[in-house]
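Trainee: Copied straight from Swiss-Prot:
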- 753-765: compositional bias 'Acidic residues' (COMPBIAS)
- 233-436: domain 'PNPLA' (DOMAIN)
- N130: N-linked glycosylation site (CARBOHYD)
- N328: N-linked glycosylation site (CARBOHYD)
- N332: N-linked glycosylation site (CARBOHYD)
- N605: N-linked glycosylation site (CARBOHYD)
- N620: N-linked glycosylation site (CARBOHYD)
- N649: N-linked glycosylation site (CARBOHYD)
- N653: N-linked glycosylation site (CARBOHYD)
- N708: N-linked glycosylation site (CARBOHYD)
- N759: N-linked glycosylation site (CARBOHYD)
- 648-675: region 'Disordered' (REGION)
- 750-801: region 'Disordered' (REGION)
- 264-268: motif 'GXSXG' (MOTIF)
- 232-249: transmembrane segment (TRANSMEM)
- 261-277: transmembrane segment (TRANSMEM)
Amino acid sequence: MDISNEAGVDAFSIIGPTTIIGRTIAVRILFCNSVSIFRHKVFRILKFFLRGGRVLLSPFVSLLHPRNPQGILVMVTTMAFLLNRYTSLKAKAEMAYRRKFWRNMMRAALTYEEWSHAAKMLDKETPKVNETDLFDVELVSNKLDELKHRRHEGSLRDIIFCMRADLVRNLGNMCNPELHKGRLHVPRLIKEYIDEVSTQLRMVCDMDTEELSLEEKLSFMHETRHAYGRTALLLSGGASLGAFHLGVVKTLVEHKLLPRIIAGSSVGSVMCAVVGTRSWPELQSFFEGSWHALQFFDQMGGIFTTVKRVMTQGAVHEIRHLQWKLRNLTNNLTFQEAYDITGRILGITVCSLRKHEPPRCLNYLTSPHVVIWSAVTASCAFPGLFEAQELMAKDRTGEIVPYHPPFNLDPEEGSASVRRWRDGSLEMDLPMIQLKELFNVNHFIVSQANPHIAPFLRMKEFVRACGGRFAAKLAQLAEMEVKHRCNQVLELGLPLREVASLFAQEWEGDVTIVMPATFSQYLKIIQNPSNVEIQKAANQGRRCTWEKLAVIKANFGIELALDECVTVLNHMRRLKRSAERAAAFSAISSSPPSKHLLAGTNRFNASKRIPSWNCIARQNSSGSVDDDVLAEASRLYQHIVVGSGRNSNRTSNLSHTYDAGSECDSPEAEDWTRSGGPLMRTNSAQMFTDYVQNLDAVDPEQIRASENDSIVAASSSSHSITVTEGDYLQTGRTHNGFVLNLVRGENLRMNSEPEDSQNESEIPETPESVQLDSPEKDIIDGESSASEDGDAQANLIHDHE
């Protein structure tokens, strides 16, 4: 058979099982077969479950039958519950969104009005907390009712007894920070209690009654203030992050909540120096624009200059630029001079380079002669950033000399090493213990901007806000554990002692304002911040302080009322003594001229005294007390004097005991600050001061009754001195007595008339600087010797033996 004509099969060879097309077709057929088998299996499984589900759902389906009312009721109730749940969740979500919106508005606010509006709206959106869990409502309410009852009865003695018996700062835990957190205002009950106590204190201060004398009122206020305690503002370190303190202090100044005791270290000491050397009007004007120019770091220069400075001085920056800036800010004032001018207590912490010397808190009691700019420079000398500094002070002549000069009697041994000081935040960032011991401080407001502390405190606040009280307790436990381990390192003397000392200190106070620093701010921590960066940090400080105003007012309100009452009473006492002195002088002047011989010695005029080297007239010591308060006190006293016919009893007690932090409201306080320097610290000088003080307590009637005997005694004495009218006597000390140096009135008036004419009513009495004025001449018993010129100087030596 011929097969040559059969069809060819070469064209079908491309779809064979070994080709790509053939394999693709085979895979497709197999895949479709597998899907079909899987579909049948799934169908069988679903059919099985549907059969079982029908059996299970048949009772529930029967409940939905129209003839079954129970089933319909269950269905409707379930649907209503689900709808209500959905609605409540939606309302909560909307409320949370609104709270987040107002919080963002608070974080972006630039003025207190904007912030307070956002805080008020946030308070409305926030669920109310149960205040009974945070403080003793019953105790505070009962105490408030008792105070109101005693005030309505009108017994001043009962009011004083009640407040002296039980007036504490944290009554019933009403100063709990958790209670005031996120609040715009103080809780109503606590505000009523603070207002009631303040009202009764002012009522005691202003009431004119014979039941209570002015001296008794002042003693009551001083004792109550000492028992109540003081508030101090502490500013931490933080290099350029210290611009945060600007906003904190500015907010406290604007709301008149700035404490009179302020202390700090490192960059915080710079802000303390600004506050402690300016009067209240100067401080208010400082924050209006001049604070933008705070640039304390010099230009680092090139890499070779920086390396050379590090190799020679051990520091990156040159400290002379910082010293020059601080001199301009503080005007070469010492701690004592700043205290005399402003009435504020300034504290600056420094650490010694010596291993066994403890850190110090410099203030007007521990180091009155140290120059403030020197202390601030030493407190800013962080190792590696600035070199350690030597403290400078003023000597008796006013020259700036080393505070701890090397002393060695044997020249062969060589001079001792210089005592240098560095950053106080290394060992004592917040000098709480020292302030408690020296100034009776029991409440601290802390502004924390340290880069190694602030992040942990912010984290702890976040944990407390998100995790509740239990999480807050765990965070507190972790903090205590870290401090405990660091203290163990310090006690055992292990390596890294300096690092351990940074974390072993106290970080927080009763009210802690923590800086929310950003990462970009940490990168520029040792550089001069620009004006924009200073403004940003200051705004952060203001917003963080606005959040704490409620708790600060709760802690600080009664203390402010006590300070105001003490200031007003001291002002009234000065007016009273001035009026008594004027009345006594008027009575003496009305007597015959021949009887002025001894009476002239009874006038003790301290307003024209010759200030000693360490005594500056305080013209701005009223602090944050408004001028209208003092004016009201003056009007009140004038009303008292006119109504009583100027027949009030004279007071001869010129030495009262005050607490250590009294701001020297009474100029008669017998301490170093009012003693006129070393020459007036002897027993002889004290006897002479007591003698002159007793002269002021003599009544005109007693003077007239004893004039004849006194004139005879004066004429029979062989030791006398004649002083021309208008001249003044300055006290001095010798080896066996004291010396009175005569100063011509013409020279003194040329130097003192402009200042005295402006501040004569504000300068308090100081019995340490003595002036004896006489219409004709002054006579004092003792030995006298004339000067070589005969009219330039007169010396009187009196033997106390």
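Backbone N, Cα and C define each Cβ position, glycine as well.
Fair warning: this is a prediction, and the values are worked out from it, not measured in the lab.
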Trainee: The domain 'PNPLA' (233-436): mean pLDDT?
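Mentor: The predicted confidence over the domain 'PNPLA' (233-436), as a mean pLDDT, is 84.
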Trainee: Within 10 Å of the Cβ of N332 (N-linked glycosylation site), how many other Cβ atoms are there?
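Mentor: The answer is 17 other Cβ atoms.
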Trainee: For the transmembrane segment (232-249), what are the same-chain contacts with Cβ under 8 Å, counting residues 6+ beyond its ends?
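Mentor: Sequence-remote neighbours of the transmembrane segment (232-249) are 258-259, 261-272, 275, 287, 291, 294, 297, 382, 385, 423-425, 429-432, 435, 439, 441, 443-451, 453-454, 509, 513, 515, 517, 521-522, 524-529, 533-534, 537-545.
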Trainee: What is the interatomic distance between the Cα atoms of N130 (N-linked glycosylation site) and N328 (N-linked glycosylation site), given in whole Å?
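Mentor: Here the two Cα atoms are 53 Å apart.
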Trainee: Of all the glycosylation sites given, N130, N328, which has the fewest Cβ neighbours within 10 Å once its own Cβ is left out?
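Mentor: Checked N130, N328; of these glycosylation sites, fewest Cβ neighbours within 10 Å: N130.
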Trainee: For the motif 'GXSXG' (264-268), DSSP counts of helix, strand and coil?
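Mentor: The motif 'GXSXG' (264-268) comes out at 2 helix, 1 strand, 2 coil.
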Trainee: Kindly assign N328 (N-linked glycosylation site) to one of the three DSSP-derived states: helix, strand or coil.
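Mentor: For N328 (N-linked glycosylation site) - judged by DSSP and reduced to three states - the answer is helix.
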